[in-house]
Amino acid sequence: MPEHEPSATTPLLGGFRRSQPTTAKIWKNPIIDWPGITAQILILALVAIIWSYILAHPVILFTGHPLAQSLAILILTQSVLVLQPTHDAAQKRQGQRVHAVLNLAAFLLLVAGVTIIEVNKFRSHGPHFHSLHGYLGVLVAALIVLQYLVGFTMWAAPSLYGGDDRAKAVWKYHRASGYGLYVALLATVLTAVWTDYNRNLARIPAWLLVVVEAALLVVVVLRVNRAKLPFGAQKDQGTQVAVAGGDEH
């Protein structure tokens, strides 16, 4: 019989995660446990793979697109991990600020990447939206803008949602959609291997991205707190009060 019963604050796939000490710096969150450290290794490996294959060929205008997008995903990964977990209300507020700054930096890189590809298309008179990668990229970009707007307004203008309490109630859905978008971003990266550029020039193997991205998703999900998602466990009022101070954004 286990010594401790799983609670609503237990990570999604197990109870190995240790809590962030109250006095610990928020920047330590991404490396507070082995899944976090593993996630850092894997996201750096993903960026290194993309950059090494791309920069093995002459640098052209298009080169900036995969480089910028991969850096954006690197930063977004930090944005996710920094909020897994926060220990108390003060850390939660600090984590939200760091989360917002990282998201802004990633957004600027994503905009730069999209701008590069569009300028390149117009200069070369290339077709728009002729691949799964292109369609998925546009869809994910639109959803990211919506995600950012919801996140910013919940924080800056909770009155739009009927007050602080109602705005806080939306956080679980914002959080869940954020994880969904992270999966969609990685899927968008994967579909790039079937574009003409990769088939004819870069030649990044699909299997390599599948292995790295799948492993990355596993370790990120390992740190998810199920109580902070819409389908999370709701065991008792006391647990909810304990969670309210923050155990993950």
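Using N, Cα and C of the backbone, Cβ positions are placed for all residues, glycine too.
Straight from TrEMBL, the features:
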- 31-231: domain 'Cytochrome b561' (DOMAIN)
- 34-55: transmembrane segment (TRANSMEM)
- 67-86: transmembrane segment (TRANSMEM)
- 98-117: transmembrane segment (TRANSMEM)
- 132-155: transmembrane segment (TRANSMEM)
- 176-194: transmembrane segment (TRANSMEM)
- 206-225: transmembrane segment (TRANSMEM)
* **Among 132-155, 176-194, 206-225, stretch most in contact with the transmembrane segment (34-55) (C-beta, under 8 angstroms)** => 206-225
* Do the transmembrane segment (206-225) and the transmembrane segment (67-86) come together with 3 or more C-beta pairs under 8 Å, pairs six or more apart in sequence? -> yes
* Structure fact -> Outside the transmembrane segment (67-86), at least 6 residues beyond either end, the same-chain residues with a Cβ under 8 Å of its Cβ set are 17, 19-20, 26-27, 29-30, 32, 36, 39-40, 43-44, 46-47, 50-51, 54, 92, 94-96, 98-99, 102-103, 105-107, 109-110, 112-113, 116, 178-179, 182, 185-186, 189, 216, 220, 223-225, 246-249
* Asked: What is the pLDDT of the domain 'Cytochrome b561' (31-231) when averaged and given as a whole number?
  -> 92
